[in-house]
Amino acid sequence: MFSQIVLLLSAFIYVVSATARRGTIKGRLDLAASNITGFVSTRTSFKLYQIGNFSTEYPYTSTTMFQDDEGNFEFANLPLNDGVNETTYYVMYPASMDFNLKPNRILIEFKNLENGTLQLNAFKNFFGREYFPSKDITYPEKLQSMKVHPYITVELLHKAPIRSYLQARNVSIFSTGIVGNILNSRWKLAGVITLIALVVFPIIVEKLDPETARAIREEAKRKQREKYAAVASK
């Protein structure tokens with residue numbers, strides 16, 4: 001009878017421990033003097049991705065937003081790997097259309113300790129770097145740890161620049177390319193106009209006043225002959 005009670009108690013403890021293997025991540029966006037209005041809250045989100053080894057068929061993903069106007073947010077009921085000293089890793093991405101936030105990527109670690117408790121760690125994990133320091137490097141760069149209690153703090157770097165969401169897809173030839181380059185420079189445009197005038201003006205004069213045009217050509221030929229004669233006399 002006693003052995004059956006012990007067996008049932010062990011089974012109950014196992015079930016409780018198995019079902020208790022769920023994690024929670026609490027965070028807060030600290031905007032300092034800036035207020036989190038309803039407009040800002042709808043344009044700010046936090047995405048979570050499970051990486052590394054995972055016990056489920058597919059890695060866990062989730063997106064959450066603010067719980068209140070103080071900037072609190074939470075990921076609850078996260079699946080964790082079973083076993084002593086087993087670790088589960090998540091990566092969190094803060095994103096906002098109004099602010100640039102830091103850190104822009106956070107590595108979160110859940111570790112099952114031998115005493116049955118769950119240890120939560122967080123590290124700043126910037127874009128352009130690996131999730132974990134490479135083991136092949138003699139002196140790998142250590143990730144900077146973050147405070148996780150009572151929450152993980154995400155801070156404001158600065159306001160995001162105004163984004164242009166409307167772009168002209170059919171750009172005119174007068175604003176790009178060789179033609180656009182000439183039209184956008186007053187000196188180049190003046191040179192082109194002068195060249196056109198030198199070519200077109202004699203044609204216009206000949207059409208309007210043939211006698212004057214003939215006189216101009218004769219004068220040009222006379223000056224050319226005088227030039228050659230002066231060179232030959234030397």
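Every residue number used here counts from 1 along the chain in the order it is shown.
Note: Cβ is positioned from N, Cα and C throughout, glycine not excepted.
The N-linked glycosylation site annotation in Swiss-Prot covers ASN35, ASN53, ASN85, ASN115, ASN170. According to Swiss-Prot, the signal peptide annotation covers 1-18, on the basis of sequence analysis. Residues or ranges marked as topological domain 'Lumenal' in Swiss-Prot: 19-188. The feature topological domain 'Cytoplasmic' is assigned by Swiss-Prot to 210-234. The transmembrane segment annotation in Swiss-Prot covers 189-209.
Features as recorded by Swiss-Prot, highlighted on the structure.
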residue : record                      : CB count, 10 Å
ASN53   : N-linked glycosylation site : 11
ASN85   : N-linked glycosylation site : 8
ASN115  : N-linked glycosylation site : 6
Beyond the flanks of the topological domain 'Cytoplasmic' (210-234) by 6 or more, those residues with Cβ under 8 Å of it: 202
Three-state secondary structure, ASN115 (N-linked glycosylation site) (per DSSP): coil
Separation of alpha carbons, ASN85 (N-linked glycosylation site) and ASN53 (N-linked glycosylation site) (Å): 13
Tally of DSSP helical, extended and coil residues in the topological domain 'Cytoplasmic' (210-234): 24 helix, 0 strand, 1 coil
